[in-house]
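Step one of this worksheet: look at the structure below.
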DNA sequence: CTAGGGTTAG
């Protein structure tokens, strides 16, 4: 009797000690020693320490998921927690989708799935963008009666937003009994980064109405919405709110502010925030600001900041190099770009496919096609389509048929059926008057059912956004817009403008081609800006693709004739038109 | 089988 009591207490103490030691494990060998102890001491069968250790082993950087799995296999009848430990580890592994199989095996084996199991498995959905699996899990969660769990609800809505199912994210949000700040933040981020940025702002305003206090995460979400939409006015209001609430002591909030101003075309204001930060700058701060100068085409400021960053003792990372390379690219600083690329190794940054892409683009634009081609072939990794597309684009500038054919062949081999690629090759043939080849490309396009990404542009007036597609007549004032375009066409012809019809592929007459160019989305947006904003105010336009060559030429003239500053944010950079010139100095 | 799980910038 006495002896039994003794054994009992010592065992309890042993387990308690064991559990308190587990978080102190600092190496794989510590884990293994404890695991061996649990195995041999007889506590393996029921011990809670077992699943805790499994958990640590599966997720810690010094742990080993495969070892955790092999230990799991030794458990005669694993508990839910043991499964959870493994699933959590799988989600963070390079193959998150393996978590689904484990989840299913739990159900098959009639093991109890709990809210945590669902939470981890949902995370796997988010990581691999598994839309169907998230729906299935949602159904399970309802069936198990877990919907009242607000943490799980937030995870679910977050996953829906991340896999692109915004309407379901909203639905979950609306149906949650208990919504806390994280639920709101999650939906705001989802909307901001999806295609419903203005809805994110609406939600932010609704928070105020419902008496909820936005925190630093919330403002980062709405700033990212403003950044995406180029909504400078709202962004500035939020900046005011941030100052009031003293949220700018948070470095991430400051970074989001810099990004917002830069993405709205106000690189100076971005720098203002950068220069007056009340908190310590971090790597992302420098990267964001360098990227801002890069997108603005100010290569020298970007490179100067890069030097300052090094002096401040901040080690550059892969993103920093991408930013400086792209700065060199947009500013035509070829030698600097090549030099920087070659010094990456010194900072222990390994070039990835994006760095190569930037350098190929840089060399190509500078007419060094052969070097660009050799660079692609020298890569140790598989080149992606972007590299060949860059080379193809450069071939068009320099009218290099041979190289263009190689690039397009590669693209076709890689399964690309992007309309733009074929058009580029066709343009090059056309430039050499090789009309048979032009026809051949056109036939190939018909046979392949090439995909065309529709171009569109935004223009914001008085807080509402107007979206234009090519030849769009959906705007309430479309008639005025089109007659403004007629007026523009008339005026610029007087200045000697000739339409650049080479980028129109269709088998139609010159006049018809000119008409097609005439109603490109960016032109519609600029014309709308002219008629709907007061004289002398700048016009901001955002385009989803790169600006077209003809539009570029026309907008330069428009900026002169109408004495307007016109700022176009395209897919990769800003074009700031003033007095007939563009900030890109026609190098893009 | 006390707990653990949710939102965050380039």
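Just so it is clear, glycine is given a Cβ too, placed from its N, Cα and C backbone atoms.
According to TrEMBL, the protein has these features:
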- A:180-214: repeat 'PPR' (REPEAT)
- A:282-316: repeat 'PPR' (REPEAT)
- A:317-351: repeat 'PPR' (REPEAT)
- A:496-588: domain 'DYW' (DOMAIN)
Counting only residues at least 6 beyond its ends, the same-chain positions whose CB falls under 8 A of a CB in the repeat 'PPR' (A:282-316) are 251-252, 254-255, 258-259, 261-263, 267, 270-271, 274, 323-324, 326-333, 336, 347, 349, 572-574, 576, 583-585
The predicted model's mean pLDDT over the domain 'DYW' (A:496-588) is 86
The repeat 'PPR' (A:180-214) resolves under DSSP into 26 helix, 0 strand, 9 coil
